[in-house]
């Protein structure tokens, strides 16, 4: 499979303004046939299609790996890691291992998102997507257990179409490490469909309880008990929350890919610096491809930034899969069925979304930006056009960091026709000072876009008029349908002094609990 490059630079998540040398992956830039392209030091001949390893990939050999000299391997005789398939998987690469739901496999090597495994039934070996399996006898094999999901995402999933009264999940507690919470779909005549949460407490002997009068030695027993009757809960437990099969991980070792591996099928839109296409990668994976106009950025600067963008992985950020580094540069990302949030809000479906859903979109974006903030990164071009929407109405942030490497004066100079003046903080317009706090200003404008269903900010005003108005202290007025509390967040985002603007972490906490701030998020013991 060739050598893989891992991010060994502890400075990967870096300070707000970075030195020109960016990225975690050491690449060489070669001149071949007049074209500059990048390859790692272990790549094949420059004349055949080049696949360069993922900069985020790491190898962790399993206890059953044959290489006994590999650091980190367990002593001989250590227990095998046996996993069970949670879903069916049909091999799409020649080194993959197909399996059916319920099949058991022994893990030979844990390497990023693809693990090498051997089927216990067929003895065949190959790579398996790690998010399709779970350790045998672990809670993850239970259909009602949702690992690593937040309280807010539990509510989003339980309230999604297809679930019913009493649909439930058990998840890891966000606040108490090693503890669990039970989330149940309920109905309230005042609020409509709602979700109630119960803390699952632990006994000294390892048992579990919600109410001290009913204790259980396992979570399975607890679930069985509350399926028979509600016994103080809001509802009797009915069926586990519906869950869709997770996205397959991107192909192993395919970071810099040849253009021939992509078939562009449908043009989805055109922006200032190129086009966006729906495409198929290697005849098997649907993706989105952003094609950049030649000359819009330097290949070296783009690749360095892309190597860092690749390490920023979060549910509310669009997944960056791969790049084509010969001009025209291609950026390959996950496909988002509903397109940009701006287009969605203006569509028939989007324009019918009620205010609570608009607040939920805002909370999802704030969550993604809180992650970017925590990683000391900056977006630089946050607006509804750069948020993408999935089929299940999950909002994800796109194009983070891309503005940094654009070399078009029309975009980089404040007088330029493409410079997004109406979204840009005054200190970034006047002094080129882009920080996470200038992103917070842009988020305030994005909130206004959302609550007005995609209306252009500062309607009727030209860019120079906006700059002059801001200097006089003007701020957009509150739209009729906008709650005071939401407008207050916008006004805090638009404070003149960057340090007085809130953090994204704070904004997320307010938006997550916009309708529940006055009541406890967890039910009292029944």
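Sequential numbering from 1, following the chain as shown.
Every residue gets a Cβ built from N, Cα and C, even glycine.
Note that this is a predicted model, so its numbers are computed, not measured.
What Swiss-Prot says about this protein:
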ACT_SITE  381  active site, proton acceptor
BINDING   268, 269, 270, 271, 272, 273, 274, 275, 276, 290  ATP binding site
DOMAIN    78-138  domain 'SH3'
DOMAIN    144-241  domain 'SH2'
DOMAIN    262-515  domain 'Protein kinase'
MOD_RES   36  phosphothreonine
MOD_RES   51  phosphotyrosine
MOD_RES   202  phosphothreonine
MOD_RES   209  phosphotyrosine
MOD_RES   411  phosphotyrosine
MOD_RES   462  phosphoserine
MOD_RES   522  phosphotyrosine
REGION    1-20  region 'Disordered'
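Here the Cα atom of the residue listed as 'active site, proton acceptor' is found 16 Å from that of residue 274 (ATP binding site). When the Cα of residue 274 (ATP binding site) is compared against those of the modified residues 202, 209, 462, the shortest separation belongs to 462. Cα distances from residue 270 (ATP binding site) to the modified residues 202, 209, 462 are smallest for 462.
Taking Cα separation as the measure, residue 276 (ATP binding site) is nearest to 462 of the modified residues 202, 209, 462.
Among the recorded positions 209, 268, 462, the ones whose Cα sits within 10 Å of the Cα of residue 202 (phosphothreonine) are 209. Residue 268 (ATP binding site) carries a strand DSSP state (E or B). The residue listed as 'phosphoserine' is surrounded by 11 other CB atoms, counting those within 10 A of its CB over all protein chains shown. The binding-site residues in question are 268, 270, and the one with the fewest Cβ neighbours inside 10 Å is 270. Residue 276 (ATP binding site) carries a strand DSSP state (E or B).
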